[in-house]
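Chemist: Straight out of TrEMBL:
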| type | residues | note |
| --- | --- | --- |
| TRANSMEM | 26-48 | transmembrane segment |
| DOMAIN | 41-289 | domain 'G-protein coupled receptors family 1 profile' |
| TRANSMEM | 60-79 | transmembrane segment |
| TRANSMEM | 99-120 | transmembrane segment |
| TRANSMEM | 132-155 | transmembrane segment |
| TRANSMEM | 194-216 | transmembrane segment |
| TRANSMEM | 237-260 | transmembrane segment |
| TRANSMEM | 272-291 | transmembrane segment |
Amino acid sequence: MDGGNQTRISDFLLLGISESPEQQQVLFWMFLSMYLVTVVGNVLIILAISFDPRLHTPMYFFLANLSFTDLFFVTNTIPKMLVNLQSQNKAISYAGCLTQLYFLVSLVTLDNLILATMAYDRYVAICRPLHYVTAMSPALCILLLTLCWSLSLLYGLTLTLFMTKVTFCGSQKIHYIFCEMYVLLRLACSNTQIIHIVLITTGIFIFLTPFGFMMISYIRIVRTILQIPSASSKYKAFSTCASHLAVVSLFYGTLCMVYLQPLQSYSMKDSVATVMYAVVTPMMNPFIYSLRNKDMHGALGRLLLGKAFQKREKERERERERES
């Protein structure tokens, strides 16, 4: 790669998906709504898990961290995008662009690693239930989360440092909503072959290895569930994994569409896929994890409705006792 003076460009212009004023207004209100829904949903998940002792388990510990990651993720990109949609000045500094890129890469990686850790938690809970308490001890959970954060921040730093060696001397215009890796590489006038090779090889390790681990975990989980004689027990075991599988499918589906391809083939349809994993997935996660989860329903009810919800719960318990 050419190690020339990358400061030849002092800033970039984030033009967004469309330059039409009418479409920009539509995009502004759409992304503002999605951002508010994402913030409220993930904050409620974090608060419900934090204040409800019944949810102080490894599964919900990792879920709270996933919600925090998603919250940080959208805050890294959407506020600047909203300002650009309403402002005539769409500039972002070179340093600001690389900072946004650093957190984008780090947080996508962290999401990926936390999802893998959650798959391991489900594997132990279903396949080795008698060893769950010792196998998923608080110390191990903290250690796993620390490793996830450390690897993610290191990976983000590595790719960002590679980007500092890329020379930008052509167009400053980014027809996109934030500083995304492939979009920046398309603007480079230096040789980007090495960094593209690094992207592919490290991506295979940092993303496909955890994905393969998740697939192996779920193959074993399915085998164990099929051996359960009771149909109701089978359903209960599978329901604890269904939400995680839905999130994994959404996350990896959009991610593979964008990054597992040659740089030259990157196009606007991939920009839409990037919006999916950068905006839609963090927004959907709280709904996916709470819609069919009775424990989360109860925690959210106690958090939002307080004593009224607790009183209703006690009345329902009394009715069940009478019926039995």
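Cβ coordinates are placed from backbone N, Cα and C, and glycine is handled just like the others.
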Chemist: Pairs of Cβ atoms less than 8 Å apart decide it: which stretch in 26-48, 60-79, 99-120, 272-291 has the most with the transmembrane segment (132-155)?
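Modeler: Checked against 26-48, 60-79, 99-120, 272-291; highest Cβ contact count belongs to 99-120.
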Chemist: Can you work out which residues elsewhere in the same chain, 6+ from the ends of the transmembrane segment (194-216), have a Cβ less than 8 Å from its Cβ atoms?
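Modeler: Distant Cβ neighbours of the transmembrane segment (194-216) are 1, 109, 112-113, 115-116, 119-120, 151, 155, 158-159, 162-163, 165-166, 181, 185, 248, 252, 255, 259-260, 263.
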Chemist: Restricting to the domain 'G-protein coupled receptors family 1 profile' (41-289), report the mean pLDDT as a whole number.
Modeler: 85
